[in-house]
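Residues or ranges marked as signal peptide by TrEMBL: 1-18. Among the features that TrEMBL reports, Mn(2+) binding site is placed at Cys133, His135, Glu169, His193, His396. The domain 'Peptidase M20 dimerisation' annotation in TrEMBL covers 212-310.
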Amino acid sequence: MGFIFCLVLSTFLWQFEALETPSGKELEPLTRELLESARKPEFFEWMIGVRRKIHEYPEVGFEEDKTSELIRTELDSLGITHKWPVAKTGVVATIGSGVKPVFSLRADMDGLPIRELVEWEHKSKVDGKMHACGHDSHVAMVLGAAKLLQAKRDELKGTIKLVFQPGEEGYAGAYHMLQDGALDDIDAIFALHVLPAYPTGVLSSRPGAMTSGAGRFSATIQGKGGHAALPHLNRDPILAASFAIVALQQIVSRETDPFEARVVTVGFVEGGKVGNVIPDSVRFGGTFRSLTNEGLPLLQKRIKEVIEMQAAVHQCTATLDFLEDVALPYPVLSNDEALYEHAKKVGETLVGAGNVQLHPKITGAEDFSFFSLKTKAVMFGLGIRNETLKSNQVLHSPYFFLDESALPIGAAFHAAVAVSYLDSHFVAQ
Ligand SMILES: *[C@@H]1O[C@H](CO)[C@@H](O)[C@H](O)[C@H]1NC(C)=O
């Protein structure tokens, strides 16, 4: 009876719970095959060709029309069905059986309002815009994975959705993709981000919180302007703003647990024009960040209180704008622990255990975090640093440069994580 109960229970668990992540030995033929395919000269040339075309015509958030069109053309020629538009320029492509589980791979499509200063054959042809965060390569790698997966479509034990999203750089594109409902059925999602901090081909991530939640604020302190010689007849907003900016520093240093990571930074101050006039108002603003989702509303509340009360001390008034209609605050990116372990095992098999590193927590933000609120999610970094190529410049630098030899590794990693996820999570019908 006990035995039968166990048998029934284990059958039940087998159907509804994740199976074990396969061992490195089981994964090895898959990762080797995928990497060999992605490194074939024809495949590699095609992938870097796609990346260079996107690099030459960067488009900023929610304007990715050309990029989106290029993606759809490539998907069409691979024979992959897709849905468009999702969140204006976004594309969601589907490969596989159409049944559960549904595993998703994500690429962001937008460039930045930065003028490229690297002189090379495929330099940006759009003045003032540049792919300085590697999103061109993210698209190329997910298209590379699409090609690898399409070749295996009859063996897939479930469905893979490829998500090409707009507006990662401050526009919360991921949030808008979710709002459009095209991802309601996904069970887990994976993304890669190229990182110049690591040598080419090195992978890195961490379980749990990886990037911060982040919000913006803008404050206006209203006083009463007048002649600088008669301060007693005026209400000086410059002094009020100065006190407020100093007081804001204490939210982190005096009110935050030293073991919690939070940031409050004032990035601009605008007020006054000449030395002998007290202006009517001063505007300033900045960013606040936290590595816990609870931290963000606490910071927001205190930023408002501190600025309003410091204004009142100086007989001024303050109005606060958290700019949520322009730039939705980004939540913390929290990597699912089991999915992290799964992808780490795949990565170790692909590039060797010594080339998979633990990524530190960072106070940068990433809108992939919206997916991590909705479903099991994990993001890995992919090293692109090569001193000879000068691909060691930080993200968002006008000198940012990419070592394209990382692309086949990225394509194979995406595809291997997806295939092995379906293999270990499929539900016997
Ligand atoms: C860096 O790039 C150069 C030029 O492509 C290549 O010859 C070299 O092997 C690369 N170095 C590493 C460490 O990958």
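Each residue, glycine too, has its Cβ placed from N, Cα and C.
Small disclaimer: the values here were computed from a predicted structure and weren't measured.
Taken residue by residue, the domain 'Peptidase M20 dimerisation' (212-310) breaks down under DSSP into 38 helix, 35 strand, 26 coil. Highlighted in sequence order, Asp108, Asp110, Leu112, His131, Ala132, Gly134, Glu168, Leu395 have their Cβ within 8 Å of the centre of the Cβ atoms of Cys133, His135, Glu169, His193, His396, the residues recorded for Mn(2+), and are not part of that set. Cβ-based neighbour count (10 Å, all protein chains) for His396 (Mn(2+) binding site) stands at 13.
The secondary structure of His396 (Mn(2+) binding site), as reduced to three states from DSSP, is coil rather than helix or strand. Classification of His135 (Mn(2+) binding site) by DSSP places it within a helix. On the 0 to 100 pLDDT scale, the domain 'Peptidase M20 dimerisation' (212-310) averages 97 in the predicted structure. The DSSP secondary structure for His193 (Mn(2+) binding site) is strand. Other Cβ atoms within 10 Å of the Cβ of Cys133 (Mn(2+) binding site) number 21 in total over all chains. In this structure, the binding-site residues His135, His193 were compared by how many other Cβ atoms lie within 10 Å of their Cβ, and the smallest count belongs to His193.
For the recorded site, Glu169 (Mn(2+) binding site), the DSSP three-state label reads coil.
The Cβ of Glu169 (Mn(2+) binding site) has 19 other Cβ atoms within 10 Å, all protein chains considered.
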